[in-house]
Amino acid sequence: NSSSVPLHGFHVHALGDTTNGCMSTGPHFNPTGKEHGAPQDENRHAGDLGNITAGADGVANVNVSDSQIPLTGAHSIIGRAVVVHADPDDLGKGGHELSKTTGNSNSSMDSCAHGIQGIL
């Protein structure tokens, strides 16, 4: 239930495969082999987009601008999954054994494959 936890980890994962839900999307997108971190950190996975907040209706409006997740080139996110996690992302600073790999954001709530629908 998105209203019980105000923040939800938000990440681009390595794979766009959602055949087994979010379990098949792989780890966070990390083409440069860095540790997990906050979106503004120098040392972070490219797919680390921090947290989003959903309203009481469960809807979150998200607008992301980030130089580490381009739509073209070697580090393109096209074809990868964008995942909303049930728990907040501790941004690599929580001291938990998973902080430096996943932000300890645990299970996924929902996912979607990311792609270009058309060119305008």
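Don't overthink the numbers, they just go from 1 along the chain as shown.
Backbone N, Cα and C define each Cβ position, glycine as well.
Per Swiss-Prot, Cu cation binding site is recorded for His11, His13, His28, His85. Reduced to three states, the DSSP call for His13 (Cu cation binding site) is strand. With a 10 A radius on its CB, His13 (Cu cation binding site) counts 25 other CB atoms from all the protein chains.
Secondary structure at His36 (Zn(2+) binding site), taken from DSSP and collapsed to helix, strand or coil, is coil. The feature Zn(2+) binding site is assigned by Swiss-Prot to His28, His36, His45, Asp48, with similarity to another entry given as support.
Among the features that Swiss-Prot reports, compositional bias 'Basic and acidic residues' is placed at 33-47.
Among the features that Swiss-Prot reports, disulfide bond is placed at Cys22-Cys112, with the record citing similarity to another entry. DSSP gives Cys22 (disulfide bond) a strand state.
As annotated by Swiss-Prot, region 'Disordered' applies to 16-52. Beyond its flanks by at least six residues, the region 'Disordered' (16-52) meets 7-10, 60, 62, 64, 66, 68-69, 74-75, 77, 79-81, 83-84, 88-89, 91-93, 99-103, 107-108, 110-115 of its own chain at Cβ-Cβ distances under 8 Å.
Rounded to a whole number, the C-alpha distance linking His85 (Cu cation binding site) with Cys22 (disulfide bond) is 9 angstrom.
Comparing C-alpha positions, His45 (Zn(2+) binding site) sits nearest to His28 among the binding-site residues His11, His13, His28. Annotated Zn(2+) site His28, His36, His45, Asp48; additional same-chain residues within 8 Å of its Cβ mean position, judged by their own Cβ, are His11, Phe29, Asn30, Lys34, Glu35, Gly37, Arg44, Ala46, Gly47, Gly92, Thr101, Thr102, Gly103.
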